[in-house]
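Please read the structure below before turning to the comments.
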């Protein structure tokens with residue numbers, strides 16, 4: 001029986017098989033209004049009510065076969081919203097099906113939607129709407145069983161004054177007399193509610209492959225089409241490693257700068273941050289990550305957010321497999337070194353004994369957003385990397401990963417399901433020897449232990465050596481008043497990723513003197529750099545050193561880039577830096593409407609501004 005501590009719906013009695021949305025987009029009122037039709041099926045006997053998750057939704061009516069149904073909206077739970085209880089009139093027996101139609105509208109408190117003014121877009125002429133439903137925000141977009149344990153298909157008719165795109169395949173458009181257009185969509189592969197996604201704006205599409213179009217505002221289309229030209233190669237490499245791609249289209253939507261994540265793996269239409277448009281294709285690893293989600297997370301899904309690592313750890317593992325095949329093993333291992341640093345930082349922020357640093361945390365009574373960090377990504381990856389080495393390498397482990405997808409495609413699973421299949425696969429294909437090896441794994445420490453993983457993996461550091469060497473040179477120069485041994489040639493041969501690792505190594509040192517930071521900036525042009533990953537690391541070094549000259553640059557970047565990895569980390573570090581707290585708070589207050597509601601809530605907590 002499905003268990004989800006973060007849902008109030010009656011998952012043990014009913015399952016939703018399909019949702020059809022009829023919604024009109026109103027940019028003036030900043031609402032979506034219309035109806036949701038839910039196809040439900042009783043999974044036990046004598047089901048007299050349907051309980052759905054909602055959050056800040058206005059319910060107008062509920063009907064079954066055209067007849068009105070009684071319903072009650074519970075008082076709001078601070079984290080999980082308001083349970084909508086619908087009396088079905090006649091009890092359903094196990095296997096009985098029904099179609100419940102809910103007329104409703106979103107409200108201005110909707111946490112899934114961000115409504116942008118024209119001034120917040122690249123073109124400055126038209127408004128823009130986009131949604132972000134992971135982890136538990138779909139319930140503010142549509143009344144539903146908002147749990148990853150429920151996988152469903154969906155369709156939609158979206159009436160809008162500007163182009164609409166969704167995490168589904170477009171099936172047609174109809175012009176309306178009032179000048180709007182109804183855009184129609186259908187998603188035929190079953191998926192969880194958190195993957196329902198909508199964007200509406202002045203959008204233009206450009207084909208970049210046989211099954212891929214990149215969508216964005218016209219002002220950005222050339223840069224986006226150039227940056228993501230290798231998308232089809234990523235998909236094909238994923239198919240070679242795993243199974244045929246199941247979703248038909250793989251399109252990309254480059255969002256305005258307030259999008260809070262690097263990417264969101266919405267099926268058929270990955271949402272990505274414009275911070276990936278580095279102009280050198282150096283940051284498209286994020287696309288490899290989101291493509292890997294097509295199998296890990298979208299096809300095989302975590303049962304609830306306590307097992308989120310099954311989505312993200314597997315995805316990072318497959319992402320690095322794709323990179324290894326396309327760019328060479330040393331590049332994949334280099335990515336793992338960068339990921340390890342992110343994991344260390346997450347453990348330091350939470351504290352090594354914090355329950356959220358466990359791979360399988362308990363989230364009863366918790367908001368899954370509060371537990372979001374690099375832990376499920378990198379600790380999960382490290383477990384799979386360790387198991388691959390422990391069990392005999394890629395020739396043993398890669399066939400298992402493919403079998404994992406074949407076994408669980410279309411299902412939602414938990415860590416026990418994963419572990420049981422790992423054991424059975426190894427026993428069936430390799431015999432008792434591999435089972436004995438699995439029995440030597442300290443499962444309790446890996447899955448329930450807090451802090452860093454119980455085993456420290458060693459990664460190929462070929463590409464890191466030059467970065468480490470240059471970092472040591474700077475460290476040794478700290479006592480010299482005016483060092484002369486540095487020049488732009490130091491990093492001339494570095495890839496953008498090597499520049500990132502060099503700066504990460506510098507960030508691990510005791511802070512360099514301000515005069516040295518000024519010299520580093522003059523020599524390498526770090527403040528002017530376009531690459532957001534490099535800029536971010538440089539800013540973090542300056543904040544750690546309380547280098548106040550850079551505070552305005554930090555505030556500027558953090559107020560124009562809504563990706564939480566950047567803006568949240570920078571504002572938190574600025575808040576903790578000497579004489580930085582007031583600027584951090586003022587920057588956030590001034591630009592609060594720029595940030596997505598999810599990001600704004602998290603940053604407010606960090607800065608002591610939460611209600």
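Any Cβ shown, glycine's included, is placed from N, Cα and C.
Note: TrEMBL annotation is automatic and uncurated.
There are 26 other CB atoms within 10 A of the CB of residue 290 (active site, proton acceptor), with all protein chains counted. Residues or ranges marked as active site, proton acceptor in TrEMBL: 290.
Summarising the environment of residue 377 (active site, proton donor), the number of other Cβ atoms within 10 Å of its Cβ, over all protein chains shown, is 25. Here TrEMBL flags 377 as active site, proton donor.
Per TrEMBL, peptide binding site is recorded for 132, 133, 134, 260, 261, 262, 263, 264, 265, 563, 564, 565. A 10 Å cutoff on Cβ-Cβ distances gives residue 132 (peptide binding site) a total of 25 other Cβ atoms nearby, all chains included.
Counting only residues at least six positions away in the same chain, the Cβ atoms of 265, 311, 315 sit under 8 Å from the Cβ of residue 293 (Zn(2+) binding site). The Zn(2+) binding site annotation in TrEMBL covers 289, 293, 312.
Per TrEMBL, the feature domain 'Peptidase M1 leukotriene A4 hydrolase/aminopeptidase C-terminal' maps to 462-607.
For residue 263 (peptide binding site) paired with residue 312 (Zn(2+) binding site), the C-alpha to C-alpha distance reads 12 Å. Every protein chain considered, the tally of other Cβ atoms within 10 Å of the Cβ of residue 263 (peptide binding site) stands at 22. Under 8 Å, Cβ to Cβ, and six or more positions away along its own chain, residue 261 (peptide binding site) finds 132, 271, 273, 563, 564, 565. Across the structure, residue 134 (peptide binding site) and residue 312 (Zn(2+) binding site) are spaced 13 Å apart at their Cα atoms. Counting in whole angstrom, residue 289 (Zn(2+) binding site) lies 11 from residue 377 (active site, proton donor) by their C-alpha atoms. Sitting within 8 Å of the Cβ centre of 289, 293, 312, and not among those site residues for Zn(2+), are the Cβ atoms of 263, 265, 290, 292, 296, 297, 311, 315, 316, 319, 377. Here residue 312 (Zn(2+) binding site) comes close to 297, 376, 377, 380: these same-chain residues lie at least six apart in sequence, with C-beta atoms under 8 angstroms from its C-beta. The average pLDDT for the domain 'Peptidase M1 leukotriene A4 hydrolase/aminopeptidase C-terminal' (462-607) in the predicted structure is 96.
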